[in-house]
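**Q** Mind looking over this structure? Questions follow.
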Amino acid sequence: MGHLQLWLLVLAGLTGMAAQEDLYRKVFVFRKDPSDAFVALRARLQQPLHNFTVCLRSYTDLTRPHSLFSYATKAQDNEILLFKPKPEEYRFYVGGKFVTFRVPEGRRDWEHVCASWESATGVAEFWLNGKPWPRKGLQRGYTVGATASILLGQEQDSFGGGFDLYNSFSGELTDVYLWDAGLSPDKMRAAFLSLRLPPALLAWNSLSYEVKGDVVVKPRLREALQA
């Protein structure tokens, strides 16, 4: 990390503003279980979303419910939510309603997930470690609000708050992205493989974020890809 980048991070900590950083091969480590900690993300949202894709990679030994990605508006706390209620299940929320994707129970290894949605058809896609699950229907014709509180590690029951500590995340998160479009199958696989990706509203290589509580940024210990 260069001196200017380090100075900007220190300044961000002193002023409470969001740091912006290239987090390539780095992770957020959520150290406590349960925890009130979270990471707030700043996205370049200009208008409501009619389509989107969210991707991230997680590493945890939790077996209790936990939130991975929470996007809340003042009108709807679960506007977009990636939630894992148990090891063999993911829930994908849009506008307060959800679909469930049942998955093999993990081997306590990295899991990469992408979820996409399009308003016109209401089709929700879910990809786990570069492989698609059967598509499902969710909130056809809905519009996702643009004025959002976006958090990693907590589920919001109100705009920017209302946390249940026993839905908090503990472990490591990396490779977080949000696009205002549905990604093609090739781009879904590229996200899993950490290859070149299209410009995003939230991008891990230029992430604007603010840490709240016991979360630290550390180098990734080993390669996260599993076929």
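Any Cβ shown, glycine's included, is placed from N, Cα and C.
Automatic, uncurated: that is what TrEMBL annotation is.
Pasting the relevant annotations from TrEMBL:
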SIGNAL    1-19  signal peptide
DOMAIN    24-223  domain 'Pentraxin (PTX)'
DISULFID  C55-C114  disulfide bond
**Q** C114 (disulfide bond) has how many other Cβ neighbours within 10 Å of its own Cβ?
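**A** Total other Cβ atoms inside 10 Å, all chains included: 25.
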**Q** Are there any residues at least 6 positions away along the chain from C55 (disulfide bond) with a Cβ closer than 8 Å to its Cβ? List them or say none.
**A** H112, V113, C114, A115, D175, V176, Y177, M188, A191
